[in-house]
Amino acid sequence: MGLTQRELEIIRERLGREPTAAELAFFTSHWSEHCSYKSTKMWLRELPGSAPWVVRGRGTDAPLVEVAHGLYVSFKIESHNHPSAVDPYNGAATGVGGIIRDILTVGATPIALLVNLHFGPPEDPHAKWIFSNVIKGISDYGNRVGVPVVGGETWFDEDFTYTPIVLATCVGVVEAEAVPKGYVEPGDYIVVAGLGADRSGLGGSAFASKTLEGGEDLGAIQVADPLMGKKLIDVVKEVSRCVKFIKDLGGGGLATALAELSHWFSLGVEFHLDKLHVRDASALPEELLISETQERLIFVISPRDLPCLEEALRKYEVPYSIPGRFVKSDRVLVMWKGVKIVDIPISLADGAPEILWPQEPYQPSDIPEIPEPPIDKAIDIVLSSPNVAKKESIYMRFDFDVGVRTAVKPGEGDAAVLKLYQRGQLGLVVKGDANPRYTFLDPRLGAANAFVKAYRNVAVVGGVPLAAVDSINVGSPERPQVYWRFVQAVQGLKEAATELEVPIVGGKVSLYNEYMGRPIKPTVAVVVLGKIDDVSKANRALWHDGDKIYIWGVTKGEVGGSEYLKRVHGILAGRPPSIDYAAEKEIVAVIQSWLGKISGATDVGLGGLITALAKMAINSGIGGEIDVCKAPAETTRLDYLLFSESNGRFIATGAEGPGVAIGEAYGEEFVVKCGGTLIYKRGVEELKRLMSL
């Protein structure tokens, strides 16, 4: 059933009776870990989320960040890991649909999607099956609703062979006056619009709150309908000014939606379930209550404004019903053909008891003594790694130009840049990052690294970071070491957000990411959003013929958890790179002072200095000659100089630039030296083939 004995006792005690079948379904769904966050919310409360430009932070379906006077941006991240493991096409597609609907709840028009994807090794048949279907699911849904996929990252690791991590972020924009009013009064109607309810997604939230053991029920997987998703986008554009509130009907179905609405507004709900429009007339009332049928929204509207909503719903042929209303009481009341089937106090409906699990620290092993390998072979191995490879074969399957807002396209720069036509040349810069190896070795420092990396990506392109959302994905919290890793990851995010002065305005926790008793490497993704005053000045990761090549920052001998250590030596050990927050903030100021004066820029991160330089050569189609030993460094080992993933660094190119000059761009060959010694030489076309996924 999904409820613990203690939870059942609390329910019986508070109700003063045995719960009905519908109430048991209600609590099983809404008190699941997926919906209630009962093992995590006490830690998440510590995350800083406020700033003068944050209009609405965590706590509702989507935040709002002011990027110009009267212009708001909303962005939100969602995971769909368990569904994507079992039915990768529909799991990924419904993940995209769900995050789009979250953005619709604030009246925003979705303008972009980003995806952070983690799969098993690309040569593994099962991982390849998941990979290809996830990509197709994202592509089909995004393309059909007209929202471009503008960026993301793809990671490959054996831990994700059977338990992929599938994260989708949606960005939307809305004028302040178009945001729904945000208040509710007794007598206001609850209108359910979209697909008729059926049995699809039954128990989806409970399914996402347990580990995978093989042979999972496909009935728990929702099915996407992008045509209806597009209709809902069109409806919201027309009615956001006349409705009071919009709520996504997602995880937990009506049970969660009604519990959250009554809790947010401290008002009772009276809901006649038999008046709900359905596609499956044989569905039981308790099934309708927790069904996670996709492409549905709840609109809260006053009776006098109802014609405004009904006109739009009819115009776009969106099915709807008016089964509920708000009342002046302290209860969630659900009726079925005149009979009460749910009668729960609001405080109990949304009051899953919190759980603090035991914690057990993990101590990573130190890096053993490793010989310095033949450098040219080591470079080839790292550059051909799927994790650092160019992902053109993936993003070319997405329509990233629909809406003609994408100023910096996938593969062109460190982050996506989106035009905001409402305010001239003003644009958004957005990027998501994660490194499961880092968060495995040191979850606190690893989570902070994910934040810093996304922050630096936004900064290097030319954005001023404003806000962040995060996604924490771990195994079962009942495992002391897993729960410790989760808590440490939250502390790392808290530290980074505080030091960088970038509030965390939303997030998602996904637990029980295990297969056959084996938890995944903890994976913390952070998406940072910033703004740029003039999108035409955004930096791309390239250079022009004759440009000088500069490096900013110091390379340290930091190869713990690095691509080099894993791919060349087969070792996962050490600690992630250290962080100097002041140095990271300085990068924002430096790049801002050079905007429009340099040809391009890219950060130095995964795969180290050699990878950053190689990507710029490929993007440009122009070679160059670089003396890496001119780069400021605190290591004497050449392999560490090339492959260290130290923070606080970026490459800039142009006639002049910030930092230390280490080379020049020209010709068709990528030539790397140390002093007068040649250490690596490849043609740009050969390099491109080497780094293709």
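From the backbone N, Cα and C atoms, a Cβ is placed for every residue, glycine too.
For the substrate site, Swiss-Prot gives Ser79, His80, Asn81, His82, Gln222, Glu292, Thr293, Gln294, Ser510; the one candidate out of Arg101, Arg241, Arg304, Arg314 that the record lists there too is Arg101.
For the binding-site residues Asp248, Glu292, the greatest number of Cβ atoms within 10 Å around a candidate Cβ is found at Glu292. Rounded to a whole number, the C-alpha distance linking His34 (active site) with Ser79 (substrate binding site) is 10 angstrom. Candidate recorded positions: His34, Lys76, His80, Arg101. Fewest other C-beta atoms within 10 angstroms, His34. Gly507 (ATP binding site) and Ser79 (substrate binding site) are 10 Å apart (CA-CA, integer value). Cβ proximity to the ATP site centre (mean Cβ of Tyr37, Lys76, Asp470, Gly507, cutoff 8 Å) flags the following additional same-chain residues: Leu44, Arg58, Ile77, Val469, Ser471, Ile472, Ile504, Gly506, Lys508, Val509. Here Gln294 (substrate binding site) is positioned 12 angstrom away from Asp102 (Mg(2+) 2 binding site), judged by their C-alpha atoms. Under the DSSP three-state reduction, Gln294 (substrate binding site) is assigned to coil, being neither helix nor strand. In this structure the C-alpha atoms belonging to Tyr37 (ATP binding site) and Asn81 (substrate binding site) are separated by 16 Å.
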